[in-house]
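Asks: Below: one structure in structure tokens.
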């Protein structure tokens, strides 16, 4: 049994910043590929095609997430790691993969019958088996993340996304049906797993010796992820039983599109946040400050991106997807607003996981699920598709309230202190909204539906936000906060010299 513990980076802030920067570039590339794929598929396929794929993908992702025991998080969070821990994590992942593959092989046809569409049987098989392969990643990737080395991860993400992009576009041009979505996603998933083992050599060895260590940490995280998976996919699964495939496809497209600016803008920092917070979890004051700065940084990017997307949803849909998708504009506007609200909760999960309080995550997600089920069901039955999206707004607002209380318990940051860290962001976002609405009224009526008009609105909003944020920071005497820390990190990244934390 060999210890795999490695000396932590001298400067945790610098390690997180460099990791976030590397992941940011990766996410930009992945985001561009994903957006290109979405646009091409939207032009070649119909809402019904997206509806067929959405049912299968939603159900498979739900099962995959519900069976996830967070072995990667367990390896990152542990102080001492041995080869036995790595082998045990891989063995447990193998059992899970076999369970997923076998389960979908047996259930594909009954599930297709339950949804009244026999086409879904083959789709469930392909998505289920590919997801089973994707559930067996190289456990050494967790060690690279623990040590804040994100090179292998970025290589895998970019290569797998490009493979998925090429496959999806090629199949869309050839087949003109839902298999372009299904097969493209499956190819990307399998490619990611294969690359993980190619880049980081690892010889699998069966072992259950450290099962207690792995599952002891992961149990509450598993329950939390089960609730979160139901929260994330419940609306699509319920809607798939009530709405037509075309309506479900419209909802799926609206959700995917509305998610892009917030998820892709914040994923790099959020992904680097967990190992960064885990490295300072024994110092309460540093943990509190690190969380407030990190969460404010996330909101500084995510909130204006989401609100800005609400403002320009119509020209984006018209230009990128075409006239046949204009019916999703109201859905995109409301869902993007949901993601704006939820941007204030992104750091909560990494914080709770870093300090080992995964039980609190389960409580949070159980509350959210308890609110979501009646809200979504009532909205769906009373107002159909639009009722579902407005139910999500109610749930998002409650999620923020729960997150504020949770952070107070985990990091010692008061609710007022948390909200105060956002005030310049809120004010600057308001200035952005005013600027976009003003420019929209001033430009000629048809210009805002063109690419030039869209760029003009984005430039006006982005410029107003950046200038307002800078002026407010200067007006408050350059008080220490998110802006100050971001400038320090930028200087460290440029200078590439470690400094003591």
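Any Cβ shown, glycine's included, is placed from N, Cα and C.
Curation plays no part in TrEMBL annotations; they are all automatic predictions.
Feature list, courtesy of TrEMBL:
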- 21-44: transmembrane segment (TRANSMEM)
- 50-69: transmembrane segment (TRANSMEM)
- 90-112: transmembrane segment (TRANSMEM)
- 118-137: transmembrane segment (TRANSMEM)
- 158-175: transmembrane segment (TRANSMEM)
- 181-200: transmembrane segment (TRANSMEM)
- 290-313: transmembrane segment (TRANSMEM)
- 325-349: transmembrane segment (TRANSMEM)
- 361-383: transmembrane segment (TRANSMEM)
- 389-407: transmembrane segment (TRANSMEM)
- 419-439: transmembrane segment (TRANSMEM)
- 451-474: transmembrane segment (TRANSMEM)
Asks: With pairs closer than 6 in sequence left out, are the transmembrane segment (181-200) and the transmembrane segment (118-137) joined by 3 or more CB pairs under 8 Å?
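Replies: When sequence-distant Cβ pairs are counted, the transmembrane segment (181-200) touches the transmembrane segment (118-137), since at least 3 lie under 8 Å.
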Asks: Per the 3+ Cβ pairs under 8 Å rule, pairs at least 6 apart in sequence, do the transmembrane segment (158-175) and the transmembrane segment (451-474) touch?
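Replies: By the criterion, they do not touch.
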Asks: Taking contact to mean 3 or more CB pairs closer than 8 A (sequence separation of 6 or more), are the transmembrane segment (290-313) and the transmembrane segment (451-474) in contact?
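Replies: Counting Cβ pairs under 8 Å (6 or more apart in sequence), the transmembrane segment (290-313) reaches the transmembrane segment (451-474), since there are 3 or more.
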Asks: For the transmembrane segment (419-439), which stretch among 90-112, 325-349, 361-383, 389-407, 451-474 has the most Cβ pairs under 8 A?
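Replies: Comparing 90-112, 325-349, 361-383, 389-407, 451-474: 451-474 has the most Cβ pairs near the transmembrane segment (419-439).
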